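For reference, the structure discussed in these notes is given below.
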């Protein structure tokens, strides 16, 4: 067996990007969960990848491991994601990738373990890492399940996305609502354009709330998403982004907008819906618990102790 070699690059070439994408697909099929986030997948192809660095581990010119390092911004640490080809596991590749990205990312760097699978836990224990952040995936059924009635208060106007004319307000509220969030809070027009170009994008699934007396200043929005059927897995809806402006908190808009999206997804014939929420976001967890969501799996960001 030949020794594998690691190398860093600021941008994957066309063949590397295709090989990494195929590796990620194999890892997803083997593990039942994607090893790299949506934002990370975009960065593989070079989209929205300012400052992102890529680490590939090759064996006889074949990519057997991949890691991606998102740079730190302000108070937010560098974040890494990685995957090992299922056919090359059990050779220490995952541990080497983790050690290298943490070294390159600086003392506060973190590495995601999506699904927190046993192999990832074993690597973390071996390297003396601790869980520094949790991202929970919650799910609830839609088919044959009751949903509360959608009642829009008289002082609120609810409508769907009309196009790029709405983007400035969407970005303003998103940045304010997720100022604490290292990935979501940094969205720009580029991120919106990338997602509008996706096959799943449907403007009628992006709900926007305004004061009835002011239809220019957005209070909050809920962007839904539909994941298509994959193999034996049926299509599933997602509460993709719920953002409420800080000046509109405490008015029940999170529940209202979430419920509007759930009715929309159910009306599209979807049997279930998922969402992601930070493990320490007690307010959001309370809202989703009341709407019938239950924990499905957990992503953990590991850091040095």
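Positions of Cβ are set from backbone N, Cα and C atoms, glycine also.
The annotation domain 'N-acetyltransferase 1' is assigned in Swiss-Prot to 10-153 on the grounds of sequence analysis. According to Swiss-Prot, the feature acetyl-CoA 1 binding site maps to 82, 83, 84. What Swiss-Prot records for 156-305 is domain 'N-acetyltransferase 2', and it gives sequence analysis as the kind of evidence. Swiss-Prot lists 242-244, 249-255, 281-286 with the feature acetyl-CoA 2 binding site, giving sequence analysis as the kind of evidence.
Positions of Swiss-Prot features highlighted on the structure.
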| residue | record | contacts (Cβ under 8 Å, 6+ apart) |
| --- | --- | --- |
| 82 | acetyl-CoA 1 binding site | 35, 36, 55, 65, 66, 67, 68, 94, 97, 98, 101, 111 |
| 83 | acetyl-CoA 1 binding site | 23, 24, 27, 35, 36, 65, 66, 67 |
| 242 | acetyl-CoA 2 binding site | 220, 221, 222, 223, 254, 257, 258, 284 |
| 244 | acetyl-CoA 2 binding site | 173, 177, 219, 220, 253, 254, 257 |
| 250 | acetyl-CoA 2 binding site | none |
| 252 | acetyl-CoA 2 binding site | 153 |
| 281 | acetyl-CoA 2 binding site | none |
| 283 | acetyl-CoA 2 binding site | 254 |
| 285 | acetyl-CoA 2 binding site | 136, 277 |
- Translate the DSSP assignment of residue 82 (acetyl-CoA 1 binding site) into the three-state scheme. strand
- Would you count the other C-beta atoms found within 10 angstroms of the C-beta of residue 254 (acetyl-CoA 2 binding site) for me? 24
- Task: Around the Cβ of residue 84 (acetyl-CoA 1 binding site), how many other Cβ atoms lie within 10 Å? Please give the count over every shown protein chain.
- Result: 27
- Task: May I have the DSSP-based helix, strand and coil counts for the residues of the domain 'N-acetyltransferase 2' (156-305)?
- Result: 55 helix, 54 strand, 41 coil
